[in-house]
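Chemist: The following block contains the structure, expressed as structure tokens.
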């Protein structure tokens, strides 16, 4: 190998052309890193999404049964007329029938939605204003960034064009080879695909079935989550508006307090200030009884003489009722005694309270007795409603007739008992003596009035037109009080259930509680009236569930089943049963399944479609079915297993495997599922999976010959003949009469014997090839070591990289190899090994450096440093340098003297030394880099000895030493070569040419041409 010594010269241009520091003339490198300006961020408007109140126009009453609608009095006053209890039922039904309720709710919704829309529009406009400001700031930022980018774009584009040209040439060079390789690879892939197409299709069938099931599950879950999220957003918005409106409410309350025009101003402000973050917000209930014991206005209610005192009774009765709600997570704050005066009443009082408490969900129960008429009214509003709801569910009730009916019922009951006693042979005097004369006279008096009423009825006269001085007992008053209390509880329960079900966020939603309380609440009522009231209540709840189903349709199956669970406490289980079947129908519809006719068929359809994701639903459904007296029970395991068997019969093995997977996930020891799934896998040629199932079955039942045979067949398909033979033998041990198994075993044995012989041949061949490969690697390793030794001794150094401002950004270790020649007197010459490679030579910055062209350089050695004065003097015997120093580079040397130095050095060392070609020099200087300098995009006086008064690029001015420096004073390049930039110029062997047109591409010296000047 020849040694190219790096020499220098400071001769005048007449002696030879020379260059300034590398990077300013022909040897400048160009950084081809492309840069694109950052994209401007996209802007857009963000609109708040609020869930609105459901459209109630679409709701309907759905009555599952039609219990008898006969209106029966305890004791009818007049023929053909309804009793007071039947009238109460009609009044309540009128208030809560779908058309009336829907109209009310639509009105409330429209007003509420208007307010929410106005508030949302305000917030959207504020967001838009803020967004416009941010857009202006962003535009200014982009303008500044564009100015900076445009300043750099020109240089980057030029670099990019140069690099693109180089890459294009390399691409064209490699294109043919890549095309041939690609065609070969495509042909191989096509062959492999065709060979495995059937197997892949069968595998994909299973994955497709799994994906299909997961997709349906995901869609339902996402639908549920989205609907709950919208509901929670609506509730969150309502809470935020509540916080905003609280101050306004306090101001209204203070004004009402000042004007003394509110029935509850004493407690209103405390209510607004309490429980700011409680979830759900408690429902506040106020009671305005028929009369107040301590009326703040000083007036007493004398309009209904004889009406019993009820303030304390109703307070205690309702308090006990509401405690049942609070105990089950439905906070109700009943403010008994807060109503200060009957001076405030009717809709005017409700409107006044609404203005002060619109931020608080509130229910007002107002009862009024005027003359013989009793009215029960309510005012109600939810969180941040735009208006209130005011209704009279029990208007114009003749309360005295109710008292009379209680008295008549007791009198007729006493009469029946007395007659039965006498019929047994006892005397009437003895019976009457038990209760005393006063009580007997009272009963006889009331029976006489009853006879008069019957006589009037027979004559077609209205008995109420004549005086009827019934004797009213304490028990009659007590029953009347209880009746009024029940009426209050019915109305309050319905509205409380509506609030906690429909007007709170989904995470605190509660199913209706009143159905569980109805049996105890209505136990003293006749059966017909009980059924009528129950029907009203259930129809009301069905309407609520239908309303919520419009916005949360994915939850209808669970909601309907939840309603059924709440109706299980009713004596008549038909109501719950109806909701159970409605739930199942909704479950089928949600999954896109047809809903058959008939309850049995509906349950059969559910049984055929249950999956592992329906465990919770099926468990709850089973519990409800037991309570309503149904014997049908559902098992998800059995449903999945039966469906899988059916799909196997239909040869839909992929879908069957998915069902078997669910069975085994629920019960890993279901042996039949393993066996049949193994059969399905085998049908799809998934033999390894089939083997795993058969193996699991054999763990549970090792004495099943069919399973051993099936597993043997699977092993045979996988060409595991030895294991297949073992399984066949095991099957024959259990059942020797299986002739087909014996045949399969003989076939497998023959194939296995042949395979063992072929394997033996292959092993011998592989052993020979392995020995040959070992010998080859050994020879290659020996050759590698010899080549490493020929490169010289390893030395290490640090490679420095800087940014475009000359600041160091990295310092990493490098290593190379060198050989040292002894020149005598302690003077050595280090020659560094330069590995061969290809690179792009030249630059597009100067015409003399064009065209940029690829060059392939063979390995060579180059001086580690420029030739020092000590090395020159050791060979030539003189020192022409101006700046003296043994370690400084020799200078003032022309090209011929450099060639003569190489000749004498070759004689002295008996090795060949020469000047490097220009291509070799540039390749060695670049050392694998593409930037203008091997340090990076620029240089500084800290890295190179040059005139720092004329900095390169954006580097500030620096030191100018005005003399040469010792070699090796600055960091080397990646090949371990020092001072390739700066200090002195260096000679090459090439003749001078004006450009690179026709230059060699093999790294050799360019010796052709008429110009005798040297590079």
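Using N, Cα and C of the backbone, Cβ positions are placed for all residues, glycine too.
The model shown is predicted, which means the values in this text are computed figures rather than measured ones.
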Chemist: Pick from 693-717, 718-742, 743-767, 768-792: which range has region 'Disordered' per TrEMBL?
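Modeler: In TrEMBL, the region 'Disordered' feature sits at 768-792.
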Chemist: For the region 'Disordered' (768-792), DSSP counts of helix, strand and coil?
Modeler: 24 helix, 0 strand, 1 coil
Chemist: What counts of helix, strand and coil residues does DSSP assign across the repeat 'TPR' (705-738)?
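Modeler: Across the repeat 'TPR' (705-738), the residues distribute as 27 helix, 0 strand, 7 coil.
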Chemist: Using DSSP, tally how many residues of the repeat 'TPR' (671-704) sit in helix, strand and coil.
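Modeler: Looking at the repeat 'TPR' (671-704) with DSSP, the answer is 27 helix, 0 strand, 7 coil.
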